[in-house]
Ligand code: F6R
């Protein structure tokens, strides 16, 4: 995610801000900037690219209070204007999160004479604080935050006044001697202090060189506990997790929260997909969809096919991007390219092919301004934040999040889904992040089974309908990071040949959540059991029957049949992770896999 730093003390602020930002570089970013109150005015230095590039442009700045930011674009391209800090008169703001009602606030502020120069949602915050500023920055921040819907971690500077606040996005305060710090993550300031205070949701902090005052949302003072950080730098970068992959699996609830932010109103049953660039009438007229993608993104696309075909009358083909050019697409089709990086050469080549056929194109991606986003008619960003582990985890879950929203929206436009069903499904979808947190907190049982089977030569994953793509993704994840031979199969297909490979030495992981095909899945499990294979079932927490047919059960929270894949995959990711860990594999940098594959 984006990084925030702030400093108020007796030393020169600029070198400390730059150094602190560099300590957040490992998280990924596309632009950076700082603002320092220098004698009588605030000076801002920011640009697209690396922190070191911004550093090169800095003159001698003697000011001792300032803020800084590394940005990972979610609204607007990565460029100088969109980089933080954002300025409104004497007010300067850095922000992580998403302001969901920024369009409404922008209209209001434009009406009051404010001029917007960037494409970001953050600029609205700068103007709003400026609008309310009457000589006390803390008061102005409180007033502004009351108008805001969404998530935020912010640091605001006005003259030498420095204020921080958070809701649903992390922010900490570092306590020094004659100096205090703000940061979005501990590594940024660990070099300067180990005394850390965690800001809680809806709290505001006023930071001076000698003191930090904390307030709740009613502006009542709050007592906060100082924590002494014992971690070393490397552990701190991973927030205490052993690997980025495990950290990112745990970040999935937050990533999904961002994916959904501002796009769902479950009470009215409305879905708004910024960037889709299709009217309801145009959606209604789409007869056919082709999804093109590679690897993990292909598996997301395959679930997309099941969703669209279940919820709408649209026929969907899913093509491995490198094979698409040898297939045909009709000009009326909507072609959806799914790619976390937005740079995959095979997907880009297939997309260009589709444009050659005269198809309308849409990208689902994580990287704002990536090559694919510049070549399509519409883009929906998945907003996972940077993913450092090479094997995709949170970007896959966020891709699924977008595909659910898209399929519900198409179902609604095409008159195939009643308003009540959409409201029900959106309400269930909104519960998914908390349900993923519950699976994560149950990871010890998954670790136990992963370790037990980690010496296997072959592992099979089986599922049906919505969970068939998850069987494929489970197998892919295991292959990528543990180097065990793994196969994902549609469970009904085993009897057409692959059963020959199932023996007592071939563990099988079966996704058997309650739904349309539960009984059929149980039959497939019995076929496997007859070959004496050890079976682990992933089943609903209320299912008491499945124990009879399998050797072990990993329970997941119950949800709608079509939503179960987004929970089942978390078990698969953790299973792969702990298997690879037991085999001492280099989990975050597996062999022969790159984060962005730019060769065909
Ligand atoms: C799997 C993985 C790869 C990518 C594939 C496509 O963990 O990382 O299989 O999914 O290379 O990449 P994107 O989504 O960037 O197009």
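The backbone N, Cα and C atoms fix where each Cβ goes, and this holds for glycine too.
Noted in TrEMBL for the protein shown:
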type	residues	note
ACT_SITE	2	active site, nucleophile
ACT_SITE	595	active site, for Fru-6P isomerization activity
DOMAIN	2-210	domain 'Glutamine amidotransferase type-2'
DOMAIN	278-416	domain 'SIS'
DOMAIN	449-590	domain 'SIS'
TODO: List the Cα distance (Å, whole number) between residue 2 (active site, nucleophile) and residue 595 (active site, for Fru-6P isomerization activity).
DONE: 19
Task: Average model confidence [pLDDT] within the domain 'SIS' (278-416) - done: 93
Open item on the list: What are the sequence-distant neighbours of the residue listed as 'active site, for Fru-6P isomerization activity', meaning same chain, six or more residues apart, C-beta distance under 8 angstroms?
Closed with: 341, 387, 390
TODO: Measure the Cβ-based neighbour count of residue 2 (active site, nucleophile), defined as the other Cβ atoms within 10 Å of its Cβ.
DONE: 27
Open item on the list: What does the DSSP secondary structure composition of the domain 'SIS' (449-590) look like, as residue counts for helix, strand and coil?
Closed with: 69 helix, 27 strand, 46 coil
